[in-house]
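*Asks:* Attaching a single structure in structure tokens format; questions to follow.
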Amino acid sequence: MLLLALLAFLLVSRTIARPSYSMVDDTTPEPEEPPAKYQISKADVFPVLPGEPLDLRCPLADGPLVTWTKDGAKLEVNNRTLIVRTYLQIKESTTRDSGLYACSVLKNSHFFHVNVTEASSSGDDEDDNDGSEDFTNDNNNIRAPYWTNTEKMEKKLHAVSAANTVKLRCPAREPHPSNEWLKNGKEFKQEHRIGGYKVRNQHWSLIMESVVPSDKGIYTCIVENEHGSINHTYHLDVIERSSHRPILQAGLPANTTAVVGGDAEFVCKVYSDAQPHIRWVRYIEKNGSRFGVDGLPYFKVLKAAGVNVTDEEIEVLYVRNVSFEDAGEYTCIAGNSIGISQHSAWLTVHPAPVNPLEDNPVPYYMEIGIYSTGIFIIFCMVVVCVVCRMRQGAKKKKNFTGPPVHKLTKRIPLHRQVTVSADSSSSMNSTTPLVRITTRLLNSTDAMPLANVSEYELPHDPMWEFSRDKLTLGKPLGEGCFGQVVMAEALGIDKERPKESVTVAVKMLKDNATEKDLADLVSEMEMMKMIGKHKNIINLLGACTQGGTLYVIVEYAAKGNLRQYLRARRPLEMEYSFDVTRVPDEQMTFKDLVSCTYQIARGMEYLASQKCIHRDLAARNVLVTENNVMKIADFGLARDVNNIDYYKKTSNGRLPVKWMAPEALFDRVYTHQSDVWSFGVLMWEIFTLGGSPYPGIPVEELFKLLKEGHRMDKPANCTNELYMMMRDCWHAIPSHRPTFKQLVEDLDRILTLTTNEEYLDLSAPLEQYSPSFPDSSCSASSSSGDDSVFSPDPMPHDPCLPKFQHVNGVVKT
């Protein structure tokens, strides 16, 4: 009895000591909750934006066991949640991640109240609950959808700057409606824009983050149910700006799984107006911690941009021969002068599948027997072949008593040109390979008694040799007197994609080519090998040198040369054909022309760094790829050209006098600075959309004008700053001309400050452009006849000679 009384006393005292938690009505007690629920007032409050990472660091002392919980449930590590002792990170947080988080060490706990809320970006989100509240309707009151807040839908035109977040809303109600968005009258899918978009059905909203000019358009919201349909339209205009950090494509890099010994690949697509710096890093641990004393994480740089690394190469990270130590997080970081962006992905490594033969290995004595038998069989076959050849040789000596046949074999040794000048920029110090064809006389008594035969032996280079069986030749792209270029498909020429076919261009000789033509083609191939690869030059992909005709495989440019490319995009107002049926290609903006100039300058800067002098830089020798990338071509050619429209015939061959610097024209001295002069003429071609330099001027008159200091006028669609850059390139003293490095820096600055909205001025005088119809009235003024380097460019009812400005400012016609 005494024990029962003591037990009753303890129960009563515990009930009295327990605090009471109730709602407003004190007669209805609340069920008891875990103690952690009553410490929310002491928790740290963490507001987080959706999509941003959630980082929590436990202030408690680091003990042997740290436990993280959310709303009382223990958190586990997964592809979004990372737990490293007292550090918790949740990537790309969502509203479902809101709640009460706690870290516990022994008997101590610390709480975090996390609230993931949507940021107000467009100024109209005062009430995000429009149309999202619960309601009940009788079956008799069911009707078609209707708008609940038309005031917030009155603003139909939204004009925002690039890289901002846009939120379009159409709040509606009625039971079971469906919400659909269209862009320009077509279904709007996630893959239609970089980074995708978000649709919040409970708030009737469409959210697009980091908008770009391609997001411009008409967006239609359609709300419907079985009783009817309503729609509302917004017009979105995105104003491009260059001041934003790099944009990384959503979903890249993606999580990857690999087996031990295999390979893994991560891809990171970066979009940036300013030149971005990209690198791949992997976060590591030191002394059991991922963070240093300064709070910054430890990391190891796996891959970074360099001089010889193209943008396509840096955007892909390959992990070869994967091991368990390679498992973990890999991060792509892209930065520019505005800011830094980064995306991460995880590599999961699984053990390699077990080979069933390893469970039952073949005894070593059986292997020895197999190898011995094979070696014996091979030895017997070799002996039989040798005996047969000896018998056949003896028979031929008995049956044939005629004179021996001499076989001429021509070999092509390659030598590097020796430096003979102290000036490192002169043409006498270039690294052009010298190709000589030597003849070797062989005696052969086994051949039939035919006439002498000439053969060519090209040195085998395994690094560049490509199998002819994997090359499929296509249609011709162009040809000269002794050579031609054809389109082809090369299977597996890209070592990163060995099973895919790539469209390439193949250079080859015609049947009537001479030994000098062969030597020139070999010299060009060797020059491209030495120079290496760059984004803005035509790169060598491979060569077929053995077992047939010499094939030199280079990159293919789908849009032809730059001169044709610019002329095809001239507005109709600039043409003289007055062909109303002709539809020009897309109109080019001022920024497009500056971009072309900048890319060519980058390519020439790289060639100059490799001590390569082009000698024939012009728009016709710049090719344009499918993605509008400028690539300099023919930088390894021997300069013995044959083009009557652009070259003056002299005793020394044919020279591109329109583009040549005075020291090259009169003294035959070629340097990097003479290439800078040609670059200035190329700039003039670009800003006249493919115009002919010095139109209608005879050769003899041009020589006189250049010596007197005359220069071409400023093109109509060219700023004063760019024209002064041309004039600097045309300075009479070579050392006073800018270097390509300086030109790249100036053009990069101009390109950064230029917007896409600056279209060409169509009201400018047309005398800067060459007409599209054949020469007529001015042809008689050219005293050079068919050998003239100029195609006279007559203007309707205008004089044939344009104005030229003297260096002292005097204008002469």
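Any Cβ shown, glycine's included, is placed from N, Cα and C.
Predicted, not measured: the structure shown is a model, and the values here were computed from it.
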*Asks:* Name the residue, out of Lys507, Lys529, Lys533, Lys535, that Swiss-Prot lists for the same ATP site as Leu477, Gly478, Glu479, Gly480, Cys481, Phe482, Gly483, Gln484, Val485, Glu555, Tyr556, Ala557, Asn561, please.
*Replies:* Lys507
*Asks:* Of Asn79, Asn443, which does Swiss-Prot mark as N-linked glycosylation site?
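*Replies:* The candidate carrying the N-linked glycosylation site note in Swiss-Prot is Asn79.
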*Asks:* Which residue does Swiss-Prot record as N-linked glycosylation site, given the choices Asn115, Asn717?
*Replies:* Asn115
*Asks:* Using Asn255 (N-linked glycosylation site) as the reference point, find which of the recorded positions Cys170, Cys221, Asn231, Cys332, Asp616 has the shortest Cα-to-Cα distance to it.
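*Replies:* Answer for the nearest of the recorded positions: Cys332.
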*Asks:* Return only the integer: C-alpha distance in Å from Cys268 (disulfide bond) to Asn287 (N-linked glycosylation site).
*Replies:* 31
*Asks:* Relative to the Cα of Cys170 (disulfide bond), which of the recorded positions Asn231, Cys332, Asp616 have a Cα no more than 10 Å away?
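*Replies:* Near Cys170 (disulfide bond) by Cα: Asn231.
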*Asks:* Out of Cys58, Cys103, Asn287, the recorded positions in the record, which is closest to Cys332 (disulfide bond) when you go by Cα distance?
*Replies:* Asn287
*Asks:* Of the recorded positions Cys221, Asn231, Asn321, which sits closest to Cys103 (disulfide bond) by Cα distance?
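*Replies:* Out of the listed candidates, the nearest Cα belongs to Asn321.
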*Asks:* Between the Cα atoms of Asn321 (N-linked glycosylation site) and Asn115 (N-linked glycosylation site), find the distance and write it as a whole number of Å.
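*Replies:* Rounded to a whole number, the Cα-Cα distance is 43 Å.
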*Asks:* CA-CA, which of the recorded positions Asn79, Cys221, Asp616 lies nearest Asn287 (N-linked glycosylation site)?
*Replies:* Asn79
